[in-house]
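Under the heading signal peptide, TrEMBL lists 1-29. The transmembrane segment annotation in TrEMBL covers 282-304, 346-372, 378-398, 419-439, 451-474, 505-529, 535-562, 574-593, 605-633.
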Amino acid sequence: MESRSRSMHKLTAKICPFLFLFLAHAAHCFYLPGVAPEDFQKGDPLKVKVNKLTSIKTQLPYSYYSLPFCSPKKIVDSTENLGEVLRGDRIENSPYVFKMREPQMCTVLCHITLDAKTAKQFKEKIDDEYRVNMILDNLPLVVPIRRSDQDSSTVYQLGYHVGLKGQNSGVNIISITSIKSSFAFTVKYHRDPQTDSARIVGFEVKPYSIKHEYEGKWNEKSRLTTCDPRNKRAVVSSNNPQEVEAKKEIIFTYDVEYQESDVKWASRWDAYLLMNDDQIHWFSIVNSLMIVLFLSGMVAMIMLRTLYRDISRYNELETQEEAQEETGWKLVHGDVFRPPSNSDLLCVYVGTGVQFLGMVLVTMIFAVFGFLSPSNRGGLMTAMLLLWVFMGIFAGYASARLYKMFKGAEWKKLAFRTACMFPGIVFAIFFVLNAIIWGQKSSGAVPFGTMFALVLMWFGISVPLVFVGGYVGFKKPAIEDPVKTNKIPRQIPEQAWYMNPTFSILIGGILPFGAVFIELFFILTSIWLNQFYYIFGFLFLVFIILLITCAEITIVLCYFQLCSEDYLWWWRSYLTSGSSALYLFLYATFYFFTKLEITKLVSGLLYFGYMLIASYAFFVLTGTIGFYACFWFTRLIYSSVKID
């Protein structure tokens, strides 16, 4: 036995470093490109597309053409997947004309004259710091910004600001609202020397606000005096900004420069994904993991030593007098498996948690192996929705198995509640939030057709699968308890203050939350500050640690509870680890007031509405992990002792 144990330890010691190195590599932007590369010859037309207008102040996306920008003769919407629609993406064609490796200078896009209404629209979006998002060959447009620190590295911001508020007009110190009207685009490409074809690997812009001037009256042939392609004079500054006021003329122009790059097509997303200082991220995550692993190891050692001593002592009891004097968890063996109050509801929540756990686990594995590429916009959300729907079969099975153990008979009623309770509550909150977005005329509002598709997926796929799982689970033999349950419930003695259910439940949620709160900061930043999150290797490590922590803290508190002769552990085990969702919501509130600049009531309602959904889902996930850990633990210890 000892030799087998030593060989297992050696094998583990060899495998673990490789596993950690793989996950660390996966954490460092390991992904598949996601779309097939397209080769362009010199002179080939490039399709420049526009996406939604976004703001971190309002969190309400709008269609690009909701503002009176220059538009093509016919606006064509691109086909979007389910995830893109839910994200509020609205991808459309644009009037920009690019030709591969053919530079352009001072090309006039259009000439518009503002009236009071359009000037007000532009001012509102500029005040709310909206950014314009564009796409070329599936790459988002970025603004390069050089850092002022020692390494002078370049960071990239997604999209450019519609305009700026507070620029000075000429010599006079007057605060004005200016609009970006001239754009210096840079298209980076990787050339194949054999075929002379090129692939696009970068799409950047430097926006300027310039009040263009021209001679005489404006017509299509008018020549600008502020920039001239013949004399190679381009716009390079915003010294004379274009003011946004009624009856003001705005001339939009653009330059296109092509730069050959050593970056290969498969690596073109690296610049986007390495936007943050990943060194701080790495050290923060490793520090968090090490602390939690240390705590988990300590907890496991205490549990093993204490339980081993207890079980040995209980099994050595011989005389009746000693048996009568026994104290602790063995005393409640006749009540520990008594079905709890609201056992049906517990079954529903456990089944939903299994469904959620399956969805998160499979999504995480796909993401770690790089199948959910950032170039596939909306792919992550689409995958999660589809996985949620198909994991319904496991929800039905888990809830029915537990329900039959509690001597339940109406499995169809239980299956329906499992299929509808959690999605129903989430859908109700989502519907209210969507109505608020709809009232703001935002592109983030989910259309009726998409809403109908979501309901169809729910009732057409998920509900039937939950019933199938429930049928299979209920047909299986009932799980037998390791000890018999007494007919008359035992009276629970008065508990110490620290064993009070509310106190112990709240204490239990701190450690699981501590395992994820650093990663939670980066996730919230990516969602609400419009940045890419693609460090799924780190996230997977944190998720594994979360599973271990939830299980261990719940087992420890359950053990102390049973030692206090309190056998009502069913619901408490679920709520102990599930209470980490409360801390998640409190942290989200802290993040809102310290990191975000949201001032509008509607935007605040959206933030807290979506974070309430996220916290509710986290509660179901962590609660189920804690419940199953305690379920396994109680069955293990009560089957290990001799009961007379």
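Heads up, the Cβ atoms here are built off N, Cα and C, so glycines get one too.
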Exercise. Answer yes if the transmembrane segment (505-529) and the transmembrane segment (535-562) have at least three CB pairs under 8 Å among residue pairs 6 or more apart in sequence, and no otherwise.
Key: yes
Self-check item: In contact by Cβ distance (the transmembrane segment (574-593), the transmembrane segment (535-562); 3 or more pairs under 8 Å)
Solution: yes
Quiz item: Looking at 346-372, 378-398, 419-439, 574-593, which one has the highest count of Cβ pairs under 8 angstroms to the transmembrane segment (451-474)?
Solution: 378-398
